[in-house]
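Residues or ranges marked as topological domain 'Virion surface' in Swiss-Prot: 1-22. Marked as N-linked glycosylation site by Swiss-Prot: Asn20. The transmembrane segment annotation in Swiss-Prot covers 23-43 and is backed by sequence analysis. Feature annotation from Swiss-Prot assigns site 'Seems to be involved in pH gating' to Trp41. Summarising the annotation, Swiss-Prot assigns topological domain 'Intravirion' to 44-97. According to Swiss-Prot, the feature S-palmitoyl cysteine maps to Cys50, an assignment based on sequence analysis. What Swiss-Prot records for Ser64, Ser82 is phosphoserine.
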Amino acid sequence: MSLLTEVETPIRNEWGCKCNDSSDPLVAAASIIGILHLILWILDRLFLKCIYRRFKYGLKRGPSTEGVPESMREEYRQKQQSAVDVDDGHFVNIVLE
């Protein structure tokens, strides 16, 4: 029998947790920190893309328009929209023979 097997095999009366009746504040703090860490890790895995996209791009959706005349705002909106619009006439059909 290897040493590892002997270490992994507990004695019957040692199956219970030794810290059940412990009122040590360090044990309580470690338990709370462990639970919070687990919750935060799960939330991080679930909302990974959303959270890091927020950090990367911030809370704003675009540049601030404060103090910019309305005509310039409209011009900016039109440029943004024209960059998004796709002209259907410029597609190229490639036929493989």
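Placement of Cβ uses the backbone N, Cα and C atoms for every residue, glycine included.
Shown here: features listed in Swiss-Prot, placed on the structure.
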| residue | record | CB count, 10 Å |
| --- | --- | --- |
| Trp41 | site 'Seems to be involved in pH gating' | 10 |
| Cys50 | S-palmitoyl cysteine | 8 |
| Ser82 | phosphoserine | 8 |
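Across the structure, Ser82 (phosphoserine) and Trp41 (site 'Seems to be involved in pH gating') place their CA atoms 41 angstrom apart.
For the topological domain 'Intravirion' (44-97), the model's pLDDT averages out at 69. The two recorded residues Trp41 (site 'Seems to be involved in pH gating') and the residue listed as 'S-palmitoyl cysteine' have their Cα atoms spaced 14 Å from each other. Ser82 (phosphoserine) carries a helical DSSP state (H, G or I).
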